[in-house]
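Participant: Structure provided below as structure tokens; questions to follow.
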Amino acid sequence: MIRGRKRDGTVHARPDVCLSSMDDFFLRKPPAMDESPRLRPLSRAEARNLDLRAVRELGLPTLVLMENAGRSAARWFLEDWLSQGKGNLTDHKVLILCGPGSNGGDGGVMARWLDLAGVLVRVAWVSGPVPRLPAGDAAIQRDALAKAGFDQQDWVLPEDNAKLAKSLSWCTWVVDALLGTGLTRPIDGAFRTAVEMINDSGKPVYALDLPSGLDADTGEPLGVALRATATATFVAPKLACQYKEAEEYLGEVAVLPIGLPYALLEDYIEED
């Protein structure tokens, strides 16, 4: 019997979910990379183009891709990180920092899966210095979490830096779903301060797609970048992953599938 958490943080038995293994929880394990085509590192533009092709050529809604990404990220996080060492999943408190774009939406999906596994989750939708709520698919994720009663907050930096500091003291892990691969300009101002606060906290960071602030093409920090313990990058490695200088920001990297078929991937298969 799975043990989960109520919204007040107390642990309770969940008789409606009886699981013999994590495989049962996720129904079917996503294919390991050694069982799937090995793809060469992709540029920021190539990764974006793959998503667009999935929508235009296959008719896949972007919300489906987001759901698949968040689910894959939650699985690796639960199996290879939260389940390691002593203690139970319910001993962890995970702070998921979401930006207003699709990377934040991936974090919103991940929050639901972690909650289902019994992990205590706090979600913060972060913007600043001008307030900006999530749009599109990310807004759908935010609304779903709100209706499900999640511990969910809207932060505008730098005004809410104190909330960030308090949550960093509270959590055992930080999930970085702030900026993803689309960033092209240096991080400055309020977001730079936030990145520095997270790095200085010493809390392990699990980054979605790429650590916030790391240039997807060059592997260099755009002013400043989060130093992740682990990075879950989707579909294929990004160009940044091939540079030794980026290792201190990436941590351990896993390439996770989001359900794109071979027909879309064959042009990017790495040659022997």
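Each residue, glycine too, has its Cβ placed from N, Cα and C.
Annotation source Swiss-Prot lists domain 'YjeF N-terminal' at 47-266. Residues annotated as (6S)-NADPHX binding site in Swiss-Prot: S102, N103, G104, G105, D106, G180, T181, G182, L183, T184, R185, P186, D209. What Swiss-Prot records for N103, D176, S212 is K(+) binding site, and it gives sequence analysis as the kind of evidence.
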Participant: Considering every residue in the domain 'YjeF N-terminal' (47-266), what is the mean pLDDT value?
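Facilitator: Its mean pLDDT is 95.
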Participant: Rank the binding-site residues S102, N103, T181, S212 by the number of other Cβ atoms within 10 Å of each Cβ and report the first-ranked residue.
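Facilitator: Of the binding-site residues S102, N103, T181, S212, the most buried by Cβ count within 10 Å is S212.
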Participant: Over all shown protein chains, what is the count of other CB atoms within 10 A of the CB belonging to G104 ((6S)-NADPHX binding site)?
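Facilitator: So the number of other Cβ atoms within 10 Å of G104 ((6S)-NADPHX binding site) is 30.
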Participant: Name the one residue among N103, D176, S212 whose Cα is closest in three-dimensional space to that of L183 ((6S)-NADPHX binding site); these are the binding-site residues.
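Facilitator: Closest candidate to L183 ((6S)-NADPHX binding site), judged by Cα separation, is S212.
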Participant: Between the binding-site residues D106, D176, D209, whose Cβ has more other Cβ atoms within 10 Å than any of the rest?
Facilitator: D106
Participant: Determine, for the K(+) site, the additional residues of the same chain whose CB lies within 8 Å of the mean position of the CB atoms of N103, D176, S212; present them in sequence order.
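Facilitator: Neighbours found: L97, G99, G107, A177, L178, L179, G180, A207, L208, D209, L210, P211, L226.
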Participant: For R185 ((6S)-NADPHX binding site), what residues in its own chain, 6 or more apart in sequence, show a Cβ-Cβ distance under 8 Å?
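Facilitator: Sequence-distant Cβ neighbours: L222.
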Participant: Measuring Cα to Cα, how many angstrom lie between S212 (K(+) binding site) and T181 ((6S)-NADPHX binding site)?
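Facilitator: So the Cα of T181 ((6S)-NADPHX binding site) lies 8 Å away from that of S212 (K(+) binding site).
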Participant: Distance between T181 ((6S)-NADPHX binding site) and N103 (K(+) binding site) at the Cα atoms, whole Å?
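Facilitator: Per the Cα atoms, T181 ((6S)-NADPHX binding site) and N103 (K(+) binding site) stand 8 Å apart.
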Participant: Using DSSP and collapsing to three states, where does G104 ((6S)-NADPHX binding site) fall: helix, strand or coil?
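Facilitator: Looking at the DSSP assignment, G104 ((6S)-NADPHX binding site) belongs to a helix.
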